[in-house]
Amino acid sequence: MEHWNSTLGSGFILMGILNDSGSPELLCATITVLYMLALTSNGLLLLVITVDSRLHVPMYFLLRQLSLMDLLFTSVVTPKAVMDFLLNENTISFVGCALQMFLALMLGGAEDLLLAFMAYDRYVAICHPLNYMVFMRPKVCWFMVATAWVLASISAFVYTVYTMHYPFCMSRKIRHLLCEIPPLLKLACADTSRYELFVYVMSVTFLMPPLFTIISSYALILCTVFRVPSSEGKQKALVTCSSHLMVVGMFYGAATFMYVLPSSLHSPKQDNIISLFYTVVTPALNPLIYSLRNKDVMRALKRVLGKYML
């Protein structure tokens, strides 16, 4: 089969979800609204946690990192998808595709690890409250955050370099919302079966330990919470943990579908819907889930808005 020089050519064509939609204008407007909601809500959460000294505790330090990751993740994908549709220009250069893949993988991987650290934080806070500030002292928190960013960056770099080294066929159309490994490998003119197996094994390896940590942490938390005599303390713990579990469910559900399920169970339309979910919908919902159900955050938001509006 004839190859095309992807490094010197015009790059790829991102077909995306908007071109295949029955009502592309309505979907574009919905995506734009969700993106603006993600920018506003994550931006406000970052501002509130940074400005209000009462939220300068490990739990909100980690939550601030989650908001930053969500803000960056959706900004890597959504503005280009919307502008491509409005300008009827769906091309992306080879370097641009590689950069988008690297950033998406890095931010997704970092969030994967961060959610596990957040679960550990809640476990220590509820099961070992007297030792909380010892186990979650500032150096430990910074180490957690640095570990998430560094490991995710290394992993994303390796995946991106190896994926983009393949020769690609004459078809430059990526039937996906963004440059990701599964849809790109479908364009490769070489045997990618071993690499696909490697991606599958590494995805399971990267996803399962954090997920196991989260499940174990919340199992221990539930055992502790049900022994708490105070109904108010029990309710506060359950509300905090349920918010986190909702975010975990959305993230791991999408990641498992995209990278763990066999490619034979995928279709371009399903992949586009899942990618839309974790690049647009989840970043918009995460801060709402955490803030609307958290009285401390809502009180801090009122204080900060009152301070800056007066």
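Easy rule for this one: first residue shown is 1, then count along the chain.
The backbone N, Cα and C atoms fix where each Cβ goes, and this holds for glycine too.
Here is what TrEMBL says about this protein:
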type	residues	note
DOMAIN	41-290	domain 'G-protein coupled receptors family 1 profile'
TRANSMEM	29-49	transmembrane segment
TRANSMEM	61-78	transmembrane segment
TRANSMEM	98-120	transmembrane segment
TRANSMEM	140-162	transmembrane segment
TRANSMEM	197-225	transmembrane segment
TRANSMEM	237-261	transmembrane segment
TRANSMEM	273-292	transmembrane segment
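Remark: the transmembrane segment (237-261) makes no contact with the transmembrane segment (140-162), by the rule of 3 or more CB pairs under 8 A.
Residues 109, 112-113, 115-116, 119-120, 122-123, 126-127, 155, 159, 181, 234, 237-238, 241, 245, 248, 252, 255-256, 259-260, 262 of the same chain lie 6 or more positions beyond the ends of the transmembrane segment (197-225) yet place their CB under 8 Å from a CB of it. Within the model, the domain 'G-protein coupled receptors family 1 profile' (41-290) shows a mean pLDDT value of 87, rounded to a whole number.
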